[in-house]
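Here's the structure, in structure tokens; my notes come after.
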Amino acid sequence: MSFRLGLTGSIGMGKSTTAALFAEQGCAVWDADAAVHKLYGPGGAAVAPIGALWPEAISGGAVARPALKEIIAQDAGALPRIEAIVHPLVAQDRADFGRQSVAEITVFDIPLLYETGGTAQMDAVVCVFVAPEVQRARVLARGTMTEAQFAQILANQMPIAEKRRRADYEIETDTLSHARAQVQEVLRDIKVRLADA
Ligand SMILES: CC(C)(COP(=O)(O)OP(=O)(O)OC[C@H]1O[C@@H](n2cnc3c(N)ncnc32)[C@H](O)[C@@H]1O)[C@@H](O)C(=O)NCCC(=O)NCCS
Ligand SMILES: Nc1ncnc2c1ncn2[C@@H]1O[C@H](COP(=O)(O)OP(=O)(O)OP(=O)(O)O)[C@@H](O)[C@H]1O
């Protein structure tokens, strides 16, 4: 079976970028955010249950993220209800991918790995991190979230210090070349562990 490496961190700390570096080294990659995009898209399994609760969140047969963000901003109880719909569907997609993966190491990019108890399905966890002021600047530079939306998402995540403490490996995403070198180091270590097993 493929070695399952969970990849997590706080919002905008570089999970997707680091996942691409793992892919560059030959790992298979599964991406929780991409799975959510599929579930929210036309024909996706989350469209009907979300539309049943908030018809105004559906547009063209898909979940419209701007509308959903507006709903979350106005009703603090909305996000847990969305999560109750989305997380079991995401878990199913992840399990299907894991079963089919033939790569030596499969990376699971999961923002809420610790918050949703996903570590039980992982053989090891790597946490990406960067200074909070760099994180904030990067997230706001994308222009997809207001300061208030960023603060709300952040408040819904476990503090990064706690994630780093729990993880088996850490990768600082200050520069691309530094992150790439750390990815190579993590893979070397895992391969030694696999060879010893
Ligand atoms: C809140 C939504 C509408 C924001 O959409 P948007 O396209 O602006 O951002 P995107 O989905 O790329 O998320 C950006 C980052 O926010 C963080 N984040 C997203 N959802 C959550 C959440 N429920 N709790 C904490 N952090 C979250 C993650 O770090 C994620 O990588 C969207 O993330 C959503 O519908 N979330 C609920 C589903 C969920 O829990 N997804 C998380 C992965 S399973
Ligand atoms: N190692 C790095 N060096 C320089 N910039 C980086 C690095 N890693 C990520 N970034 C930049 O930080 C921003 C956020 O990165 P990325 O999208 O990978 O984060 P994420 O954790 O997947 O975000 P989200 O939680 O929103 O899904 C991007 O603009 C990206 O280019």
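Glycine is no exception: its Cβ is also placed from the backbone N, Cα and C atoms.
Values in this document were obtained by computation on a predicted structure and should not be read as measured data.
Annotation comment: TrEMBL describes Gly12, Met13, Gly14, Lys15, Ser16, Thr17 as ATP binding site.
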Same-chain neighbours of the ATP site, Cβ within 8 Å of the mean position of the Cβ atoms of Gly12, Met13, Gly14, Lys15, Ser16, Thr17 and not counting those residues, run in sequence order as Gly9, Thr18, Val128, Thr173
Have a look around Gly14 (ATP binding site) and count the other CB atoms within 10 A of its CB, chains all included.
-> 24
Tertiary neighbours of Lys15 (ATP binding site) (same chain, Cβ under 8 Å, six or more apart) | Leu7, Thr8, Gly9, Asp109, Pro111, Val128
Close in space, distant in sequence - Thr17 (ATP binding site), Cβ under 8 Å, 6 or more apart = Thr173, Leu176, Ala179
Cβ proximity for Met13 (ATP binding site), under 8 A, sequence spacing 6+, ordered by residue number, returns Val128, Phe129, Val130, Gln135, Ile160, Thr173
Around Gly12 (ATP binding site), how many other CB atoms lie within 10 A of its CB?
-> 23
